[in-house]
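The Mn(2+) 2 binding site annotation in TrEMBL covers A:His98, A:Asp132, A:Asp195. Among the features that TrEMBL reports, active site is placed at A:Asp100. Annotation comment: TrEMBL describes A:Asp132, A:Glu167, A:His445 as Mn(2+) 1 binding site. Among the features that TrEMBL reports, active site, proton acceptor is placed at A:Glu166. If you look up TrEMBL, you'll see A:Asp195, A:His228, A:Thr330, A:Arg343, A:Ser417, A:His445 marked as substrate binding site. Here TrEMBL flags A:210-366 as domain 'Peptidase M20 dimerisation'. Residues or ranges marked as site 'Important for catalytic activity' in TrEMBL: A:His228.
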Number of protein chains: 2
Amino acid sequence: MAPQLDAYFSKVDELQDHFIERLRKAVAIPSVSSEDDRRPEVVRMGKFLESELKALGAHVEARPLGPQPHKEYLELPPVIIARYGEDPKKKTILVYGHYDVQPAAKEDGWATEPFELTIDDKGRMFGRGSTDDKGPVLGWLNAIEAHQKANIDFPVNLLMCFEGMEEYGSEGLDDFINAEAKKFFKDTDAVCISDNYWLGTEKPCLTYGLRGCSYYSIEISGPGQDLHSGVFGGTAQEPMTDLVRVMGSLVDTNGKIQIDGIKELVAPVTEEEKKLYEGIAFTMDNLHESLGSQTTIFEDKESTLMARWRFPSLSLHGIEGAFSAPGAKTVIPAKVIGKFSIRTVPNMEIPEVNRLVEAHVNKVFKTLNSKNTCKVVEQHSGKWWVASPKHWNFTAAAKAVESVFKVQPDLTREGGSIPVTLTFEQATGKNVLLLPMGSSTDAAHSINEKLDKRNYIEGIKLLGSYLQHVAIENVNES
Amino acid sequence: MAPQLDAYFSKVDELQDHFIERLRKAVAIPSVSSEDDRRPEVVRMGKFLESELKALGAHVEARPLGPQPHKEYLELPPVIIARYGEDPKKKTILVYGHYDVQPAAKEDGWATEPFELTIDDKGRMFGRGSTDDKGPVLGWLNAIEAHQKANIDFPVNLLMCFEGMEEYGSEGLDDFINAEAKKFFKDTDAVCISDNYWLGTEKPCLTYGLRGCSYYSIEISGPGQDLHSGVFGGTAQEPMTDLVRVMGSLVDTNGKIQIDGIKELVAPVTEEEKKLYEGIAFTMDNLHESLGSQTTIFEDKESTLMARWRFPSLSLHGIEGAFSAPGAKTVIPAKVIGKFSIRTVPNMEIPEVNRLVEAHVNKVFKTLNSKNTCKVVEQHSGKWWVASPKHWNFTAAAKAVESVFKVQPDLTREGGSIPVTLTFEQATGKNVLLLPMGSSTDAAHSINEKLDKRNYIEGIKLLGSYLQHVAIENVNES
C-alpha cells in the first residue's frame, strides 16, 4: 500500500471550514477541570468527543475513574477510549490527548471571549483549548474523516485515549493506563502524543526527550507561633533567617547547582549530540522574546538549548508561611517552608538526587549553628524521559513533516515534563513520539491562547501523513 | 490637697461590677477598623464613648478625619476628644487610647465568642479589645466616675484623645495631633498613654523607651512575566535566586546585623544603665513561655532584655511575588519583593540607617554579577523614643504603683514601637509616660485576648492614684 497523500491533503483542504467548525464547537464547551462547578462541562466535552467518534464509526467507551481524590463529592470525568479499525495486518497506533482546559475569563485580560473561537485576519484562531489540547485531539478525528471522505483506506488501526483531567494532574490516569496496557491498549505498536509545541513558529519538530522534575520543601521552625518583631527581634533565632541562607546555598545567579555530586550524575554529552544542537531553528532573539527580557544565563543558542534540555536546573519557587502580601507586616514567621525543584536529566536517579539534596541541606543548616529545626522533604518526583529518535515511529513522523512542510523537522527535547509520556512508554513497552501541532507563540495556559489556522489544517495533514508513513515503515529497520 | 486614695480605692471596689458591665458593652461592639463593612461599628463605638463621657459631665467633641487614604469611599472614624475639668490651678494631663480593635472570629480558634465578654473562674475576662485598648480607655472614664461617686475633687484637668484607627496605622492622627497641639491640647502638662503591657504577670511597670522601626523592601526583577521552570530553568537568571542571597546577607542566625556601620550608630551602654537591667522582674522561663520554644539567642536575662530594648535587630518578614501557598508550583517568579525591618535605638538616625542599608544591598547584589534589576526601598520608618524616667510624670506614676500594688514598678522599654508616643512628645513638647494596665499574657492581637479582672480593677485604681499623685508632684524637681 503506497501513501495516498495528495488525495488526502486535497480532502483536508476541502474540509477545512468543517474542521474549524468542529473546533469551534469544542472550544465553546468550557471544560475547565480545576473548577468544581464546571465539572459538568468537562463531562459534556467528553460526550461531544464520544458522539463525534461514534459518528465516524469508531468503537468508543467512556470509562469512569471514580471520585476525585481529596474532593470525594466530585466524580472524575471519564477517560474516552476508542478504537478505529481492527485489521490484524495493519500496525496499531495509540494516540493520547486531553479534552479539559485551563481556566479562562474575559476579565483576566483576554481580547476576545475565551470560549468563543475567534479568528482574526492573520488566521489566528483564539480560544481556550484551541491549541491545548482540543485542536490536536480533533486533529485525529479530522484525519479519520478526511480519509473516509477521500475514499482512502485508513492506514492503521487507531487506538485513542483522551482524558479530562490533564490540567489538574491527570488524576487517576496512570492507574488506568497501567490497567489497560494489556487489555484495551494491548495491540499497540507505537504511541504518539500531540500535546506540546514547536520550538519556534516556522519549523515543525519531533520531540524525543523530557526533563524530569523533583520537587522539594525545606521546613524550618522554631517559635511556637508567629512573633512580633518588636518584642522578639534580637532575642529569638528566626526561621526565615536560616531559610534564606539555606536556600541561598542551592544555586547561584548563573544557574549553577551548588549541591555536591549532582553534576557527576549527568550523562556526558557526546560530540555527535553536540552537533544535533547546531542545526536547530532557534535564536537568542526567540529566547529574549519569550523571556520578555535579556536576563539570560548564556549568550549562545547551543548552550541555552543544552541548559534547557540536556542539563539539570534548580529553581527556587517561593516560601510558604512567611508574609507574602503587598504592604508591610512586621511579623517573625514561626514556621517557613521554602520550595524548590530540580529539573532532572539522564542519568540522574531520583533516590540518588534525594540523597544529595538532603545531605546538602543538612550540611548547610548545621553550619548555621541554629536551635531551630530543619526538615527537607521530597514533595513529588517525575522521572526524565528520552526516546530513540531513530525508531521507525520517529522516521515515519519525519517523513510526514517533509511531505507537508517540505522541511526536515528539528529533533527537540523539552525542558518541562509531560508525565504521561513515561507512563505510556513503561506501560506499553513501545516507542513514544511527541508530535506537536501548535507553535511556540500559542500561549497555552495564558490569556489569548490561540492555534494558527495553518498549524491546525497542515497539522491534520501531518497526523494523517504520519499514519500513512507509519503503515509502510519497516519495523525491523530500528 | 492630699491624696484621698482610701476613699477612691473603696469606691472602685464597690463599683467593680458596674465597670465590668461598661467593658462588656464596649467589647460587644465589634469596632474592627481594618474591615470596611465594620466601619459603622467603629463609629458606633466612638458614639458609645461620647455618650458615656457626656454622662460623666465631660466636654466631648467627635472630630472627623475625612475619607480614608486609598479607600476614599470610607470615612475615617472620628477622633473622640474630651476635656474633664478646667481649673487653671490644676495640672492638665492628656491621655490617649484607641477604641478600635483587631479582627476576630470564633472560627479563628477562639474558645469563646470574641465579641461577648466572658469571665472564667480565674477572673480572666476574654473578649476582643478587652486589654487592647478598651479596658484602659474605660479605665479613665471609670476613674472619673469613682471620684465623682466618692465625692472626691478630681485632682487634675483631664484631656482625652481616643482614636478609632490605631489597628490600621492611625490614619490621619498625626496631622490631627499636630494641629491640636496648640489648640485643644494646649494646656497639657504631661501625657500618659495606657496601651502597652507589663513585662510579666505580677509586677507593674512604667515604660520610658520604645525602639523605632524602619521597614524596607528589596525588589528584584528580570523576566517580563512569571516563567515555567521546565522551559526556562537553567537559561534565565532567576530573581528569587538573587533575592535569597541578598536577604541571607543581612543578618545571621544569632541576630547579628551584617550591615557595615549599623553597630557604630548605637549609643554605648553605660555602667549605670547595665545595673537597671539586673533588677527587672523577668526570667528566661518567661521568654521561653512566650516564645513557645527554647530557640533563644541568649541564655541570660540581661542580654535578652538589652537585645529587645537597647540594641537594634533585623527581621526578615517574607517575600511578595513568589509562590507562597501550600502545595507545589513550578513557577519562576518574574519579580520578587523581599521585606525586612530594622528595629532602631538611640542614636540611630533614620537617613543614616537608610544610607547604610542601601549601600549594603547594592554592594551584595553587585557581587552576584546578575543581569536582573535590584531596588531597595524604605517603606516606612518610625523613630525610637526615650523619655526621662526621672520626670515628675514618672515619679507620680511610680508612687501610684506603690500605693496600689505595694511594689516599686520596673522601669522598662519596649522592643516594639507605638508611634503616637513620639508624635505626642514632639507636638506637645511635654513628657510622655506609658502606663500599662494589662499583663504579658493578655494575647493582644491573638485569639483569646483577655484582661484579668485584677488588672482592670487595680488598673482603675492605678490611673486614679496616678492622677492624684500628679496633682501633688513638684514640677520643679526634675
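The backbone N, Cα and C atoms fix where each Cβ goes, and this holds for glycine too.
Taking Cβ-Cβ distances under 8 Å and a sequence gap of 6 or more within the same chain, the neighbours of A:Asp195 (Mn(2+) 2 binding site) are A:Tyr96, A:Gly97, A:His98, A:Asp132, A:Asp133, A:Pro136, A:Glu166, A:Ile418, A:Leu434, A:Pro436. Cα spacing between A:Glu167 (Mn(2+) 1 binding site) and A:His228 (substrate binding site): 40 Å, rounded to the nearest whole number.
Those same-chain residues not listed among A:His98, A:Asp132, A:Asp195 yet with C-beta within 8 angstroms of the centroid of the Mn(2+) 2 site C-beta atoms are A:Gly97, A:Asp133, A:Pro136, A:Val137, A:Glu166, A:Glu167, A:Ala444. Mapped onto three states, the DSSP output places A:Arg343 (substrate binding site) in strand. In sequence order, the recorded positions from A:His98, A:Asp100, A:Asp132, A:Glu167, A:Asp195 that place a Cβ under 8 angstroms from a chain B Cβ amount to none. The Mn(2+) 1 site, placed at the center of the C-beta atoms of A:Asp132, A:Glu167, A:His445, has further neighbours from the same chain whose C-beta lies within 8 angstroms: A:Val101, A:Gln102, A:Gly129, A:Asp133, A:Glu166, A:Ala444, A:Glu449. For A:His445 (Mn(2+) 1 binding site), the nearest neighbour among the recorded positions A:Asp100, A:His228, A:Thr330, A:Arg343, A:Ser417, judged by Cα separation, is A:Asp100. The average pLDDT computed over the domain 'Peptidase M20 dimerisation' (A:210-366) stands at 95.
Taken residue by residue with DSSP, A:Glu166 (active site, proton acceptor) is part of a helix. It is 43 Å from the Cα atom of the residue listed as 'active site' to that of A:Thr330 (substrate binding site). Local packing around the Cβ, expressed as the count of other Cβ atoms within 10 angstroms, is greatest for A:Asp132 among the binding-site residues A:Asp132, A:Glu167. In the three-state DSSP classification, A:His445 (Mn(2+) 1 binding site) falls within coil.
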